[in-house]
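One structure is given below, encoded as structure tokens.
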Amino acid sequence: MYNLRAHVLLCYGGACISSNAGSVKETMEKAIAKAGLQNEVDVVTTGCMGTCELGPIIVIYPEGVFYQKVKPEDTEEIVQEHLLKGRVVKRLFYKKPKTEEMVEMFNNIDFFKLQRKIALRNCGIINPLEIEEYIAADGYMALGKVLTEMTPQQVIEEIKKSGLRGRGGAGFPTGLKWQFTAASPGKQKYVCCNADEGDPGAFMDRSILEGDPHSVMEAMMICGYAIGADQGYIYVRAEYPLAVERLSIAIEQAKKNELLGKNILGTDFNFDIEIRMGAGAFVCGEETALMRSIEGKRGEPRPKPPYPAQKGLFECPTVLNNVETFANIPFIILNGAGDFASVGTEKSRGTKVFALAGDINNTGLIEVPIGMPLGTIIYDIGGGIPNNKKLKAVQIGGPSGGCIPADHLNVKVDYESLQELGAIMGSGGLIVMDEDTCMVDISRYFMEFIQEESCGKCTPCREGTRIMLNILERICQGKGKMEDLDTLEELSRQIKQTSLCGLGQTAPNPILATLRYFRDEYIEHIRDKKCRAGVCAELVYSPCSNECPASVNVPGYLAYTKEGNFQKALEIHLKNNPFPAVCGRVCPHQCEAKCRRNDLDSAVSIRSVKRFMADSIDGYLKCFPEKQNSNGMKVAVIGSGPSGLSNAYFLTILGYEVTVFESEAKAGGMLTYAIPSYRLPKNIVKKEIQALSLYGVKIKTNTKIGKDITIDELRKQGFKAFYVAVGAGDSIMPPIEGIDGNNRVMSGLDFLYKINNNEKIFVGQEIVVIGGGNTAIDAARTARRMGADVTIVYRRTREEMPAEIEEIKEAENEGIKIQLLQNIKSVKSNSNNKLAVEFVNMRLAEFDKSGRRRPVEIETSSFVKEVSLLILAIGQKPSLDDLFDKELVKLNRDGTICCSSHKGETMSEDIFAGGDVVTGPSTVVEAIGQAQRAAEAIDKYLSGGQEEYPWNIMDAIEVKFDPEEEPVDYERAKNILLPVEKRDSYMEVEKTWDRVTACKEADRCLRCEFKKEEEGI
Amino acid sequence: MGCPCDEKELTDKQKYKQLKEFINESKNKKGYLIPVLHMAQVIFGFLPPEVQNFVAKEMNTPVSVVTGVVTFYSYFKIFPTGRHTITICLGTACYVRGAKKIMEELEKKLGIKIGETTEDKRFSMGVQRCLGACGLAPVIMIDKDVHGRISAQKLDKILELYK
């Protein structure tokens, strides 16, 4: 026996083996031998450590240093540096997602820190292939204790006291199950372990069997002793060959050590365990089906009662527990029921193992106290969502469970709370879905699964699920009908009530949950033939166009730009969006986030190509679509922002005579009065508005509806319909003292309006802007250009800032300070003509309805700062005060107009609305998209509607494209920005590309729309 | 269960002998039909009617029962498969991470659909609802090797490993 000074623990879980842990082990051992350390350092292969994404993983003890993604060629360095010289290898440390901060020690990593391991207590710590290691970790002590110190009834009482509930999904109290079986008459009884882990997305049973097989065997023996059984069966999926192999080894070793067989530990207790392999039938996870399968029959369920406790395997009383349930038992016996029951919630004691998978940074296996908030699991342990995407839903409980939308992140994960939300704890698969997941497609996916796995014995499950699947497939293809949704609900109800076993009774759950939380997505598929996630192939032209609120044919104008045919490119763009030069500058370009080229290198710089295309043509007139024949009908648009002007434009295409009424002196709304000219020069706005005037849109400025003229008067003048697009120009002010009537306090919009209107403002030297949205950044960067020191104060963290990332970055480049987790508390004017502003530090508490953590004040953390001007940009709402009588439209609680459809119809049949006045502050392109849909509704109201509107038809792109050719291999072109030192005026910061750069960039497009055209879809 | 697949190709007679030995060894065990069928599939590669008849006779069970079990479980194959079996995981995690694209790409590359075998008998292709390697999604399994974090670009390199 040598005195070992270090242990190298290498994760040998299934995932790490797939990531080449085998070679790592080999080279590690060689490197250790080469360094002559074989008598000082031991390499231990362990079960799953949990962080599957980071594999292969090495933890070196006694220090507990954690190395991730270790490659065989790294082992030499680990041995030479860490084991020989005592210097850690930093480059292999774990890096926190987003911040990239490095973490050295195993137990300092958030992923492990918040966990509590009971069922997984040995996984990742001992070598599962050595029974000695299990025994050294107190293994088989619990068995010894029950055999020598406890009566069977005492064992049952202890389990009952612990509050342990079945971890397979249903949550039945384990102690009761044992008691019922013990009390059933019969000489022969059995203990079965359900390791037929079939729920997609769950792999905890696999990891326990592979990482700590003895704990399950020990628990089965304890159960056998408690109920009077001498035979156990472990039913494992055939898809888990490694688990079967390790279990077989464990059984052999236990037999050799006389821990299995006759007269165990010198008592008169006998017990044997046999492994039975499944054969690929999901339904065998159901208890009665599983037992039939062990009997060698078709795995069809049978009605209950009798329950397995009375008549189970081979018609004998049987306990059937899940792997994880068993893994808890030795801990309870050794540490006492009280210790176990002190973890978790009142009704759900102990811990639960979850398999984190899907769109989450730290995929893997975790064990946490029951009752932990879902948000903590996703963000603190799981590290959040990769690639800056938004969380959409968390699927929990597999095909019997449901999904929980992002606004319920505060839910405590326990049996009861999940059920209230329409999900179940299930076996613990927790699949995180981001914005790119289509909830209708996911429902279809689960139904397909159920349909394939239904054993066919009972009709509701066999036929009902087929009908449901057919309906869901139709909806995904855009062929659904509205009444399908009712049919789905009705079928769900019937299948749940009348199916024979758990599989059928829970089969509709995923569909019901998505219908409950994501009904609007179903409706979009049916009514608008739109799949917002861009998943349902039949409904998606290209990912970029699908994402664009105005549905601009992006591949179209990119292709023509590439060819140098800018006029044709512009024609395609103008059909859907009359503001290419504006959007080429201020659009948040969500299309680029969906660009398939992201998978290859990085997205096509769509916005910059658009900008070049728009700037390259002076007069748009020749590029506008041909107007349909004039129908002589007059429509009034109220508000000349992007939504109002676009609506007027779309209606002009359809042959209407449209007049836009604007209360200000200049047209353009926010484009003219809010967005600063370093971002959007005023001549650009003018150019595009002028083009619309030339096309036929009449604009009347200095005319306020409700004051200068009323809607009724306009009706009398012959206006047949109204589109209200007055925006959201009222600033929301926080309810704090000292801001009302203070001339050193201003709203962000007010500030920007005055600047854009060339009014003089005294700003002083120290300006503080409160808020984290685009208005706050615009105000701050504008103030900075006036020579002041500017600080942005935001109450949450950078990740939650609603402003565009590029804007935030540029603000900082220009020398603006951003103070996070602070808020304003009070304002006082002081003697030297400045403001004494009291700030307070904030911290993030639980998750709120927006899926973000709620900021709360840290008490006694306030401090006062002297400020020359305070700009508040915390939110905006519409101002509809004098516009029209309250009876004409209904308002929502936040002051926006309540529309009866997504096309902007309101309570009054001739009044339509769109843009920020409906959505609250949003983007230019969103406002344009709404204008399109409202134009359709107005046309339908006035003329009965058209089958297809020009902007909904994607014209064939007549640019040669060879799908077999390799895509061009150069990287995304960079934007050209004005050097920071030159940004002291309102000169535009970003420059338009030259022709070569733009055409080359356009050529990077992968033409995702191409295949579809060829197939004629 | 020893795996005889590493050895030289056995004659049919040897195969039946091997199966018979296994059946005799386990005759006293309760409900042993499924383990016997597993073994038969290891030996023969698939379970044609002749093998099912043989199992039924040796185990003293009606053929209808054997066939009933064989057709119930998706793991048992009644048609011959290729030298290597590709299993595409279509579990939820893999599905969310783009397993469908991988499946389409493989179908295109190999020119076969799910459940089919290439003409040169090199590959058979099937799907599975979760291989329990969700941490590495999307994954495929070829024979007993799990390949994780698959992308369409990686496929050629992986398929090369299996001749």
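Every residue gets a Cβ built from N, Cα and C, even glycine.
Annotation comment: TrEMBL describes B:Cys89, B:Cys94, B:Cys130, B:Cys134 as [2Fe-2S] cluster binding site. Its own atom aside, the Cβ of B:Cys89 ([2Fe-2S] cluster binding site) has 30 Cβ atoms within 10 angstroms in the protein chains shown. Following the DSSP three-state reduction, the secondary structure of B:Cys89 ([2Fe-2S] cluster binding site) is strand.
The Cβ of B:Cys94 ([2Fe-2S] cluster binding site) lies under 8 Å from the Cβ of B:Cys130, B:Cys134, B:Ala137, B:Pro138, B:Val139, each on the same chain and at least six residues away in sequence. Under DSSP, B:Cys130 ([2Fe-2S] cluster binding site) is assigned to coil, being neither helix nor strand in the three-state scheme. Taken residue by residue with DSSP, B:Cys94 ([2Fe-2S] cluster binding site) is part of a helix. Around B:Cys134 ([2Fe-2S] cluster binding site), a 10 Å sphere centred on its CB holds 33 further CB atoms from the protein chains shown.
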